[in-house]
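S.K.: According to TrEMBL, the record shows the following:
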DOMAIN    1-446  domain 'Major facilitator superfamily (MFS) profile'
TRANSMEM  46-67  transmembrane segment
TRANSMEM  79-103  transmembrane segment
TRANSMEM  115-134  transmembrane segment
TRANSMEM  155-173  transmembrane segment
TRANSMEM  179-197  transmembrane segment
TRANSMEM  261-280  transmembrane segment
TRANSMEM  286-312  transmembrane segment
TRANSMEM  324-345  transmembrane segment
TRANSMEM  357-381  transmembrane segment
TRANSMEM  418-439  transmembrane segment
Amino acid sequence: MEQQRKEATERLLSTQGHDNLFYSEENDGVGVGDGGLVAVSNFTSILGLSIFMAACITFGFGCAIGYSSPTQSSIMEDWGLSVAEFSLFGSILSIGSLIGAAISGKITDLFGRKLTMWILNLFYIGGWLAIAFTKAPIYIAEITTKNVRGRFTTILQLMVGWGASFMYVVGSFVHWRTLALLATIPGLLQVLLIFFIPESPRWLAKVGREKELEAALLCLRGDKADISDEAIEIKNHVESLKSSSRGGIVDIFQKKYVRPLLTVVGMMVLTNLGGINAFAYYSGAIFVSAGISSMVGLITLAATQTVVGILGTTIIDKLGRRPLLLVSSAGLCFSSFLTGVSFFLKDFNWWDQGSPILAFIGLLMYMGSYALGGGLPWLLVSELFPINVKGSAGSICNFMGNSTGWVVGYYFNLLTEWSSAGIFFTFSAFCCANFILIATMVPETKGRTLEEIQASITPSSD
């Protein structure tokens, strides 16, 4: 099979007049040179610009996530808000995400990934509510090659963590109004940069713009790269999907998509029920409740997220998705339990000196575990589902995840008045259920093209 692929590539090169291009087994592609092979890099300046643009989106999303944590006390004081009213304010991002989830899939399928990100970013600048419309992880997965797809897609999750960390650190020193103005900067950068990046080649194939598809691939892979095999594979895969497509959102409910859909929806629901929005939105208040300085806690939390996020980005394409997901979910389970223990001891005035330390370790471990693999379900959405149902799958996952996320974000402050320890033990139970789901249902996808993954997960026969 490999020999046939090599011969086919060499024939294509010779017929297209690329006399200085050669097939390279070491680089799974084409080399350039006179008498020797030089690898064509998988990374080009346009690809880097595209990734940076998408990173601006997710950095802004992280800013939105982390905004309420350092500003809770000052906003409640300035606006005279009750706990219930601030809970609504803190969870408003999930409401915006729910609105976006209802229509985002159709918008991205109709207008493309690039145009959708640009239009809806204007809403982000205005008020943050439409930030969840964007499909940055899907876009990055569709423009990168198989050997770096995981790394570049997880950069987006890293940027979410950095955005939240930026809010934690800067929000400890500036007024909440100033912080809100600073949060618009990533959106302004994205509006400018998006004019210089290409559309997703797979979306171009879906809408029949084949010449633009090849131009986009050349732009992303480099002018001297051979894109013939990749272009043919994308076109053939899209054509096969069109022949079996029933049209509209109903496609996602075919039998062959049931298992991957239930898997990723289950992961997102359980992750949100596991308390990520509570930890992200109200970590400052949690630190104070545990008897720890909010400023010290948030700055340390920011550093932890940064270090662990970088670690996850560097090892994902080496270790794979499953190991990181399993370690992440196990860490979330244990750290939630540890935080619950600290509040249990505090409630009964047991070990007054040690319980704040347990809470501090628990919060750092929780956010570090999430930074390691919490965003990987979105990578799986982009990998497991083919182009004809990817938008619908993303909308369903977004809607279900944010529905449960809003419940946690809104009711957390109210439930802590019932039992602080009890709510963290409940989070731990949901994280444990997520670990079991990942261990039994999630496939490994590293090192394969999107078309190979989707062919193995969703065979053509119903």
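Backbone N, Cα and C define each Cβ position, glycine as well.
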S.K.: Please figure out which one of 155-173, 179-197, 261-280, 324-345 racks up the most CB pairs under 8 Å against the transmembrane segment (46-67).
M.R.: 155-173
S.K.: Of the listed stretches 155-173, 261-280, 286-312, 357-381, 418-439, which one has the most C-beta pairs under 8 A with the transmembrane segment (324-345)?
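M.R.: Comparing 155-173, 261-280, 286-312, 357-381, 418-439 against the transmembrane segment (324-345), the winner is 357-381.
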S.K.: Given the transmembrane segment (155-173), which of the listed stretches 179-197, 261-280, 286-312, 357-381 has the most Cβ pairs that are under 8 Å apart from it?
M.R.: 286-312
S.K.: Looking only at the recorded stretches 179-197, 286-312, 357-381, 418-439, which one has the largest tally of CB-CB distances under 8 Å to the transmembrane segment (261-280)?
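M.R.: Most Cβ pairs under 8 Å with the transmembrane segment (261-280) come from 418-439.
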